[in-house]
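A.B. asks: Annotations per Swiss-Prot:
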type	residues	note
DISULFID	C38-C78	disulfide bond
SIGNAL	1-22	signal peptide
Amino acid sequence: MKKVLLPLAALVLSATASNAMAANGTVKFTGEIKQSTCQVTSDTQNKEVYLGTYPTSAFPTVGSKSASKAFQISLEKCDAGDYSLRFDGNTVAGNPDLLSVSNVGGTGAAATGVGIEITDNNGKPFAIGDGSNINDDVAKVTIAADGKATFNLQARYRSFDSNVTAGLANATSPFTIEYK
C-alpha cells in the first residue's frame, strides 16, 4: 500500500509545485498627449456659402436637391498625419445629415421641408454632430510634406418633406478638425 501512495503523493506535490513557480512580469504603457499645431487658414475659418434662391417647385419630392455650391476648409502648419473634419449644428429630426434651416440673420419666416446637406466633392454626405460620419472616408485628409491640406466640400438644399414652404433657409455649423 505504501508503494502505491508514495508515487501518488509525488504526483500531487509536483502538480502543485509548478503553480507555486509562476512567473511575474510588468506591462509598461507609453504614449504622448500632444497639442496640435494645426491651424485652419484665416480665409477659410469663418466661411459664408451662398446657396442661392430657389422656388418651392424645385423640391417636388422628398430628396429633391438644389445645385451644389463648392467651398473649402484649408489647414496649415500641421504635423504629418491624418486629420478629420466634423460638423456640428442642429439637424432635422430623422435626418442626421441635414442641418435645420431657420431665419437666423434675417426677418420673416423660415422655410420648411428642406435642410442643408454638406458633402464632399463626390456628393457623399457628412453626418452632423457626433463624429460618426455616414461615409467615414468623407471626413479625412492626409497632411502633405508642407504641412498643408484642404477639405474640398459642397453644400446644397435637400428636401425631407414633399411640402416645402417658402422662407429664409439659413443655418450655421461650427466645425472641428481632429487629429486621427
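Counting starts with 1 at the first residue shown.
Every residue gets a Cβ built from N, Cα and C, even glycine.
Please go over these features one by one and say how buried each is and what sits next to it.
C.D. replies: Around the Cβ of C38 (disulfide bond), 19 further Cβ atoms fall within 10 Å across all displayed protein chains. According to DSSP, C38 (disulfide bond) sits in a coil region rather than a helix or strand.
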A.B. asks: By a simple count, how many Cβ atoms lie within 10 Å of the Cβ of C78 (disulfide bond), its own Cβ left out?
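C.D. replies: Neighbour count, Cβ to Cβ under the 10 Å cut-off: 21.
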